[in-house]
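Encoded as structure tokens, the structure appears first; notes follow it.
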Amino acid sequence: MSLQVDYRIYSLPKGLAPDQGSPAWLSKGDNAWQLTATTFVGLQSVPGLVILYGSMVKKKWAVNSAFMALYAFAVALLCWVLWAHRMSFGNYNSPLVGKPMNSLQDGFLLGQMDASHHLPMADYVFYEFAFAAITVILLAGSLLGRMNFYAWMMFVPLWLTLSYSVGAFTIWGSGFFQRKIIDYAGGYVIHLSSGVAGFTAAYWVGPRHSHDRQHFPPNNIIQTLGGAGFLWLGWTGFNGGSPFGAGLITSLAIINTHICTATSLLVWLAIDMIVYKKSSVIGAVQGMITGLVCITPGAGLVDPWAAVLMGMMSGSIPWYTMMVLHRKSAFFQSVDDTLGVFHTHAVAGLLGGLLSGLFARPSLLNLMYPSENYGPGLLHSEGQFHRGLRQMGYQILGAMFITAWNAAVTSFICLFISRIVNLRMDEEDLEVGDDAVHGEEAYALWGDGETMPKPRRLRIPPICRRLVSTPS
């Protein structure tokens with residue numbers, strides 16, 4: 001005989017019971033976590049990438065590089081709420097992109113996200129904005145040290161509208177790859193996109209000043225580590241916020257993220273020490289980034305042992321493409337990718353997407369996507385190998401589409417802007433740097449091209465000298 005309990009006799013503690021400001025569908029725990037995760041992602045850009053870019057470049061480009069990131073973050077928010085969110089995630093009968101509509105109505109923002117998530121739509125809009133903003137800021141890493149700031153001001157809204165929104169809609173929204181590609185938190189939509197678009201834009205903008213390209217030392221490696229720290233810890237929200245709830249997948253995604261990142265950093269560092277006989281701090285930061293990027297498309301969908309393997313490959317394969325292949329290839333040498341975004345994001349993002357198609361566990365896919373029919377990872381496709389093979393095929397097709405779309409649309413945007421303003425700064429401005437572009441410099445120190453003023457001497461009037469020298 002089972003005991004039946006009528007839970008209606010128990011009253012919820014004050015503050016937990018539904019009311020006008022907290023409807024029955026709202027989970028306060030999920031809501032609190034989602035807002036926290038979004039803040040983590042925002043901190044990756046501001047101040048994370050602002051500090052990272054401002055310190056990884058030559059001293060004369062510190063202000064310009066940091067400001068490119070800050071400007072993009074602000075403009076991306078307005079574009080996102082005015083039209084880009086609905087283009088990326090709206091319910092619209094189109095295979096490629098949604099209808100541009102604003103997301104500012106109270107009825108829209110305060111309504112439930114969907115039947116399976118107990119969050120207000122405002123959380124969804126803000127979280128996806130943080131993803132969109134960091135994508136275009138990552139892209140900027142390929143263009144530091146020479147892009148005309150006025151061209152950059154035009155580039156950001158155009159690229160978010162014509163390129164990012166299409167990638168997000170086709171894979172995450174209602175587009176033709178819906179429920180086909182495993183991309184947990186943006187290996188393709190964010191990292192492959194930013195890497196390919198950045199490399200393409202770098203081609204059209206042109207190279208840095210010849211002196212800068214030959215000698216471009218970081219101006220503050222300690223601050224570089226600080227910016228990298230914001231990026232690493234911020235990825236807790238990046239991958240931990242993608243389930244839109246504080247559940248089991250969230251916990252697994254976070255621990256997998258840090259396991260893969262630590263492994264990748266150590267592998268990159270070890271290769272540097274073997275090949276160059278020195279432990280490079282900048283190399284360790286690059287290895288950290290490739291680990292973060294590689295785990296992103298499968299963070300909550302693979303086992304921890306798979307995260308270790310992904311870290312080993314993300315610390316070695318992008319190292320090879322950046323440190324060996326890039327230097328030997330005339331094609332790579334012809335394009336000045338300032339911070340190597342193609343290798344740290346496009347190569348690592350593609351690698352992560354393919355490895356997710358290999359390692360994704362069916363039980364975890366069902367937890368994350370209970371009503372969707374993704375194929376299992378190829379290594380977990382016992383008895384259904386054809387479905388695993390088909391899923392890997394979708395992963396390859398998705399990568400091909402994102403690559404082709406970003407290369408074509410970014411080229412179109414750059415050619416369009418070049419008809420209005422120059423994409424590249426003048427040679428005179430390239431020689432001077434921040435002071436020529438913004439009238440400001442990062443470090444107000446003497447000896448940086450400035451003339452030390454002559455010290456003023458105290459002039460004693462002749463009559464005073466005579467009085468002083470008169471014997472008593």
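Heads up, residue numbers simply count up from 1 along the chain you see.
Even glycines carry a Cβ here, placed using N, Cα and C.
Listed in TrEMBL:
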type	residues	note
DOMAIN	32-443	domain 'Ammonium transporter AmtB-like'
TRANSMEM	32-54	transmembrane segment
TRANSMEM	61-83	transmembrane segment
TRANSMEM	124-144	transmembrane segment
TRANSMEM	151-173	transmembrane segment
TRANSMEM	185-206	transmembrane segment
TRANSMEM	218-238	transmembrane segment
TRANSMEM	244-269	transmembrane segment
TRANSMEM	281-299	transmembrane segment
TRANSMEM	305-326	transmembrane segment
TRANSMEM	338-360	transmembrane segment
TRANSMEM	396-417	transmembrane segment
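Between the transmembrane segment (244-269) and the transmembrane segment (151-173) there are fewer than 3 Cβ pairs closer than 8 Å, counting only pairs 6 or more residues apart in sequence, which means the two stretches are not in contact. The average pLDDT the prediction assigns to the domain 'Ammonium transporter AmtB-like' (32-443) is 95. Panel annotation: around the transmembrane segment (305-326), residues 256-257, 259-268, 271-272, 275, 286-287, 290-291, 293-295, 298-299, 332-333, 340, 343-344, 347-348, 351-352, 355, 359 of the same chain, lying at least six beyond its termini, place a Cβ under 8 Å from a Cβ of the stretch.
Residues 68, 71-72, 75-76, 79-80, 83-84, 87-90, 94-98, 100, 128, 132, 135-136, 139-140, 143, 181, 183, 188-189, 193, 197, 201, 205, 398, 401-402, 405-406, 409-410, 412-414, 416-418, 420-423 of the same chain, all 6+ positions outside the transmembrane segment (151-173), place their C-beta atoms under 8 angstroms from a C-beta of that stretch. Highest Cβ pair count under 8 Å relative to the transmembrane segment (32-54), across stretches 185-206, 218-238, 396-417: 218-238. Note on the transmembrane segment (338-360): residues 53, 56-57, 138-139, 141-145, 181-184, 187-188, 190-192, 194-196, 198-199, 202, 208, 216, 286, 289-291, 293-298, 301-303, 306, 309-310, 313-314, 317-318, 321-322, 326, 332, 374, 376-380, 391-392, 394-396, 398-399, 403 of its chain, located 6 or more positions outside it, place their CB under 8 angstroms from a CB of the stretch.
Within the chain carrying the transmembrane segment (185-206), a Cβ under 8 angstroms from the stretch's Cβ atoms is held by residues 131, 134-136, 138-143, 146-147, 151, 155, 159, 163-164, 167-168, 171-172, 238-239, 242, 253, 293-294, 296-299, 334-338, 341-350, 352-353, 356, 398-399, 402-403, 406-407, 409-411, 414-415, 418, 423-424, all 6 or more beyond its ends. Beyond the ends of the transmembrane segment (218-238), by six or more residues, the same chain brings 36-41, 43-44, 47-59, 62, 131, 185-186, 254, 257-258, 261, 281-282, 285, 288-289, 292, 296, 442-443 to within a C-beta distance below 8 angstroms of the stretch.
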